[in-house]
Amino acid sequence: MVSETTSPQDAAAASVNGVNGTDPAAVVEAGADLPAGVPQELVDAAEARAVAAAAAPLRLMAVHAHPDDESSKGAASLAKYAAEGVGVMVVSCTGGERGDILNPKFQHGGIDIPVLRQTEMARAAQILGVAHTWLGYEDSGYHEGPKDTWELPPGSFADRDPAEEIEALVRVVRAFRPHVMTTYDENGGYPHPDHIRCHVVSMGAFEAAGDPDAFPDAGEPWQPLKLYYNAGFSREKIVAINEAVRARTGEGPYDEWIARFAEMDKKREADGHPRQDPGERTTTRVPAADFFDQRDAALKAHETQIDPESHWFAIPRDVEASVWGTDDYELARALVDTSLPEDDLFAGIREKVRS
């Protein structure tokens with residue numbers, strides 16, 4: 001549900017023009033460190049992008065559960081905003097250590113998954129032109145069945161005290177000072193434990209970051225003005241693109257996926273996860289077709305997680321651009337006035353921020 005406040009809190013009002021309070025060095029230091037083994041040139045480039053992003057007059061923070069999520073959910077709009085001079089920071093809550101290896105090239109074993117995944121993330125961030133930091137938690141892994149049957153690895157992201165994780169994200173928010181945050185809805189977009197916990201942590205940080213009484217040792221208070229849920233995988237979008245490709249080629253690349261919708265709904269209901277189509281709650285469509293190639297390149301940078309021959313890349317980009325050339329979002333919290341529907345995550349903010 002959209003919650004809009006027509007009389008912003010004092011903290012929110014201060015956030016409109018609090019640009020000069022951003023400390024670029026603090027932004028670099030707020031997250032977890034990269035491990036030894038990540039190429040130094042990628043580390044240096046990442047730090048430079050963090051400093052530049054922190055100095056931008058408008059700032060956007062995208063909070064994700066795992067590396068590669070940022071490249072499959074809203075990546076084109078992140079690249080678009082970065083190209084326009086918006087400071088964009090991606091936060092990965094976990095290292096993605098338990099992600100499946102989907103690329104046959106890496107299925108022989110004998111690879112250092114943590115270092116490889118963090119190197120992939122550094123390359124993807126460079127391609128998108130965004131800053132990036134790690135929250136530093138361990139991947140919980142995907143679990144089938146009802147939540148009460150999940151056997152989470154001890155100490156993993158979804159197994160810890162959420163308050164500790166909220167404080168960690170508050171520290172990053174207060175260092176970077178975003179005007180807008182994006183994350184997942186209450187179901188995580190899909191019922192992965194880390195995605196659901198990412199929602200909880202993101203919402204908690206949005207509410208706490210501007211409160212001087214909350215986590216007083218985590219930096220100076222800063223109130224983001226808007227928070228969005230990613231809404232990219234709507235059934236309407238999948239069907240529309242599938243039919244457009246069929247009209248051109250005679251084949252629908254998503255036929256099998258679409259045929260499983262009913263089966264997927266039944267399984268989710270049986271597991272206690274409600275059926276949900278993000279497209280039914282979309283409020284904001286950001287034109288981003290010019291950045292689809294960048295998005296695809298960033299996703300391919302996560303080599304372990306994506307088969308380069310998969311259906312993800314079977315769609316002619318001109319078809320996708322003509323049928324659905326936007327990244328889609330649901331406005332979940334707003335502390336500024338805005339009119340729905342929107343085509344800009346900074347609607348209601350741009351005119352208030354001094355450049």
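Placed from the backbone N, Cα and C atoms, the Cβ positions cover glycine too.
Since we're looking at a predicted model, the values are computed, not measured.
What TrEMBL lists as Zn(2+) binding site is HIS66, ASP69, HIS195.
Features as recorded by TrEMBL, highlighted on the structure.
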| residue | record | CB count, 10 Å |
| --- | --- | --- |
| HIS66 | Zn(2+) binding site | 26 |
| ASP69 | Zn(2+) binding site | 27 |
| HIS195 | Zn(2+) binding site | 24 |
Same-chain neighbours of the Zn(2+) site, Cβ within 8 Å of the mean position of the Cβ atoms of HIS66, ASP69, HIS195 and not counting those residues, run in sequence order as HIS64, ALA65, ASP68, LYS73, CYS93, THR94, GLY96, TYR184, GLY189, HIS192, ASP194, CYS198
ASP69 (Zn(2+) binding site), DSSP three-state class -> helix
In three-state DSSP terms, HIS195 (Zn(2+) binding site) is classed as helix
